[in-house]
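Under the heading NADPH binding site, TrEMBL lists B:105. Marked as L-homoserine binding site by TrEMBL: B:190. Taken from TrEMBL, the feature active site, proton donor covers B:205. What TrEMBL lists as domain 'ACT' is B:351-427.
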């Protein structure tokens, strides 16, 4: 059987997954690819570190040049993470006509262009399935399986930590802080959970997905971002009364030729396929003008699921023959140059929860302000029970309206004497617009 | 821009979808593929037939040789359906080194091998994404994205008609017959619905999916098959009390190196991602030894969703360059030669509904018979209300047990004087084994 030599840059979590899969499933991979895949070199920083997998000493190196200058190594797999030296190493390997596979979300989201162009110039493949949504083959789906479509909308649950927390809050009625601690204990959340719970991780991933789905460059900072720390048991309960659940969604829509890009907690109908995505699972829901609704669900992280994506990228390169000079090796994300919509222009439906004095006229004052901003209400819930003294919960659900108009309304509403606090604002997506 | 000429064999439902997509989305497709795709010829049986799309008269032909002998046509798209002459036409086109795309489920399921081998010998691509689950890129996912995995289990909702009917029964409490009529009126069900409601359609699709997922030949008739005509409102209600819903699942599992293959109504937990697949949607749930749980959801039929799959196959051929001689052009399904398990050996949990006399000792007699067959019960529900005279509903839910043992038990139970009828037997899948 023919053999192809590859090298790993890094042997952390994902690297271990790749090593394990190539070892455990080597027979399957050989049968399916037609080649025996041999890991010929692994770059590490510290040879003495324990890594939980048994790797022959003679293939581990601390010198990148051992890999760069070994012409028998045809594919280099970057699983070290971070911007540098990962970026520099990949560029150099491309210069040596090595094919590249990477799992590097941050690098693709922020510096992907340079790498795409270099790969294009050198005529090498550059695959990055593992950079978004772990084991879910969403990059392949967008780049290869939806090529007959204009993608119109994409909704992703792309952060497992926040999905785990929100799911537990919903199903068990527990509090955010308690579940965050549980998630940290289980290893689902980092010691510093900011990147996850404030939506930064989802923001990076949405930038990548949006740029691929819409063939346009998307700067990470153009994505509106809101985390889940404001979501309380009370909001979960109200959502339930509406037949809804709350998920942190990464959303991109083509609206009148402009892209709206946002990451925020969202109420969605409990019968929608995204609603049954629990635990630390990820899912990406896509509307295409030919295919209609499509959803992909799976593990968004973990050594083996992410390793699964990396290995499929390796096999894809092998199958498409590493000697073959193809002009379409790199799927380009600069086919169009779409304008990004200002978040204030985005239309949504809203859930607004306030604490107000329990006296006549309050609701009238509030609806008058909303009416002035063209915001119309679909429903109002005023709970009879008094929270403390004479204050009550007031929950408003609006029809479709512009974010700017909501913000202006809330500025005014805040000034009303009878309004004690605006407790939450959650966007509602019923997938009807 | 470079141009590639293709031909369609057939201009029915799917053909119209392909035509519409290639016209409506031509700019996207050109940008993404690097080629302008031109439909140069369309084979039809009757030129005068109205088809709901405007096709230039000069490209329509009734003579297959116009396509076969036109060397400028590089890709032939078979969307005529049926076994012959589709099979013969594709074989001849392969002989002329034309690349082939087909949407032909029945042909792939029953005569796929001959076509795979011919494509392999001729060195042409043979793509058939549209043959299963319409717009869902499940073939691509299995063949390309899960190459690092041993797939262990696959569960599909692959028939839209039955899913529409079961969903309505569950959500609206309506009767099977009434919904079937509604489905027929909406065009979701055929005038003769046998192929759908008796599970034949799902049986074909499972044969294809199983052969790809497990790299082994699967004869359609080896798939155990049961339709949904026995499912009543009463079963739906009981399922609900257990926190479950009923779906027609196509299941293949690798159990001790043997494949179990079956299509039947199945109770699954209402929080499982497959449970929220409603309307005429399809979904395929896969467990891989690296990737873990994965699900793909989308439209399983319809001109545009199916057309979307066909067009992605066309673009895939173009991207992989039609002049390129690759040894792995055709993904083979004969990598292993797995044994198919006899359905009697399959293990499942079971829901059994009986009508029995309301007198002491009946339950004892039944559990004694079950005990003799090593069938143990997880729960028993005996409804207090009397159905008519002295008869009551008795519902049994078993632990994991062998199908043979259930069948033998039921033979015995049927003979009991107090047992008036065995009303239903539904398998339960809680995804825990």
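Residue numbers in this text run from 1 along the chain shown.
The backbone N, Cα and C atoms fix where each Cβ goes, and this holds for glycine too.
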Sort the residues of the domain 'ACT' (B:351-427) into helix, strand and coil with DSSP and give the three counts. 24 helix, 33 strand, 20 coil
Would you find the one among the recorded positions B:105, B:205 whose Cβ has the most company, meaning other Cβ atoms within 10 Å? B:205
Within 10 Å of the Cβ of residue B:190 (L-homoserine binding site), how many other Cβ atoms can you find? Include all protein chains, please. 14
Can you tell me whether DSSP puts the residue listed as 'L-homoserine binding site' in helix, strand or coil? coil
In the predicted model, what is the mean pLDDT computed over the domain 'ACT' (B:351-427)? 90
Between residue B:190 (L-homoserine binding site) and residue B:105 (NADPH binding site), how many Å separate their Cα atoms? 17
Whole-number answer please: how many Å between the C-alpha atoms of the residue listed as 'active site, proton donor' and residue B:105 (NADPH binding site)? 7
